[in-house]
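Quick look at what Swiss-Prot lists:
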BINDING   Asp21, Leu22, Asn23, Arg36, His59, Leu60, Gly61, Arg62, Arg113, Arg146  substrate binding site
BINDING   Lys197, Glu319, Gly345, Gly346, Asp347, Thr348  ATP binding site
Amino acid sequence: MAVIKMTDLDLKGKRVLLREDLNVPLKEGRITSDKRIRAALPSIRMAMEAGGRVLIVSHLGRPVEGEFDEAFSLAPVAAHLSRELGRDVRLVKDYIDGVDVAEGDCVLCENVRFLKGEKKNTEELGRRLAALCDIFVMDAFGAAHRAQASTHAVARFAPVACAGPLLAAELDALERALDAPKHPLVGIIGGSKVSTKLTLLDNLSHRVDRLIVGGGIANNFIKAAGYEVGKSLYEPELVEEAARLMAAARAAGGEIPVPLDVVVGPELADGAPATVRKVSEVGPDEMILDIGPATAALYREILLAAGTIVWNGPVGAFEWEQFGAGTRALCEAVADSPAFSIAGGGDTVAAVEKYGVASRVGYISTGGGAFLEFLEGKELPAVAILQERAAQS
C-alpha cells in the first residue's frame, strides 16, 4: 500500500504525534494484559531514538465523550510505560493547546476520548490535534477501522501524515496474505454465528482455495450438507446461505470442506462428557462443540500443503479442556506448515498463546475489528487517508 512510513522520515527535533492503541484491559485500576503496550513499544522507542519530540495519543474504554473520568484515565498506562522505557513518562491532562517535549523524549496525552469531537471525527478537533505536531504517525492498527478525530481528521490536516512501524507491518502482512498470496491460500474462519461473519465468509469464499469453517459457524455448513446438528447452536435462516457459499466456493475452483467427525456433549459445561461422533451420527440431544480427530487430520493435511494461511476464530469451545483438542491440533498444524500465516482476533490469539505456538505463526495481528474489516474487503478509513496524503505529497 502506498503510504508514507515513519521510518522514511527525519524526526530529529520534530514534534511527533504518535497515535497508538493502548486500550488495555483494567481491573480495579490495574492492567491485566499489557499486550498492546508491548506491541507499541518498538515504535515509541524508534521515534524517541530518532530525536523526535513525541506526544503519544490513545483512547481507553468508552467514557462519556468530553468528560474526564478517572476510571478511564491512562495513568496506569503512563506508569507502565515509565517502567518499560526506564524513564518518567508524564501523563498530560491538558494538552490540546500544546505541550513542551524535549528532543528524544515522550509524554503520554490523556485519553483522547475525553475530548469533544473525537468519535464524531470533527474537523475542529482534527485541526487542533494537527496543530500539535509537525508529523502525525498513525500506528494504531486496532483503531484503523474507525474514522475518528485522532485516527482520521488529524491525518487530513497534519503537515505530514504517515504510518508507524506497527501499522506498516500489519499492512505488509495483510497484503502478503491477501493481495499477493502464495497458493494454495487457505482461510480458517471460526466463531459462534454465521451472521456475524457473513461478509467475511462471502469475500473469502471467492478468494481462497480452501475455506475451513469451525465453531458454531460450521454447524450451518454441516446442516447445509444434509446432516443433523442436534441441539447445536446454528442459524436456521442462514442454512441456505451456507449452501450458497459452498456452491460459490466450488464455482471459483475452491472448497469449503465439511467436518468428517465431531466432538459432541450434552451441554457446554465443566465436566460435561465429550464423545466423538461421525458427522452423520449426531444425536437429537447432543451439541457439536469441537471437530473430531479425523477432521483435524484432514485439516492438518490441507494446512501443511498451503502456501498462505489466513486465520480468524477457533474451531471448538477450547476454553473447556474436553472441547479443545481440535483447536490445539489446528494451532499445531498452522505452526508446522511452511506457509506464511497470519492470525487475528481475540479468541484466535488466546488459542495461539494457550497452545504455545505464537512464535511459530508468521504474523499475529494486533487488531480485532480492523483485521476483520480488512478480511471482509472493506476500506479502513485511517489507512485510506494516509494513502490519500501520500498521493498528494
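Placed from the backbone N, Cα and C atoms, the Cβ positions cover glycine too.
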> Across all protein chains in the structure, which of the binding-site residues Asp21, Glu319, Asp347 has the highest Cβ count within 10 Å?
Replying inline: Asp21
>> Suppose we draw a 10 Å sphere around the Cβ of Thr348 (ATP binding site). How many other Cβ atoms does it contain, all chains included?
In response: 26
> Should Asp347 (ATP binding site) be counted as helix, strand, or coil on the basis of DSSP?
Replying inline: helix
> Counting across all protein chains shown, how many other Cβ atoms sit within 10 Å of the Cβ of Gly345 (ATP binding site)?
Replying inline: 22
> Considering only the binding-site residues Lys197, Glu319, Gly346, Asp347, Thr348, which residue has the minimal Cα-Cα separation from Gly61 (substrate binding site)?
Replying inline: Gly346
> Which residue, out of the binding-site residues Gly61, Gly346, shows the minimum number of other Cβ atoms inside 10 Å of its Cβ in this structure?
Replying inline: Gly346
>> Between His59, Arg113, which of the binding-site residues has its C-beta surrounded by the fewest other C-beta atoms within 10 Å?
In response: Arg113
>> For the C-alpha pair, I'd like the distance in angstrom between Gly345 (ATP binding site) and Asp21 (substrate binding site), rounded off.
In response: 15
> Max Cα-Cα distance in Å among Asp21, Leu22, Asn23, Arg36, His59, Leu60, Gly61, Arg62, Arg113, Arg146, the residues listed as binding substrate?
Replying inline: 18
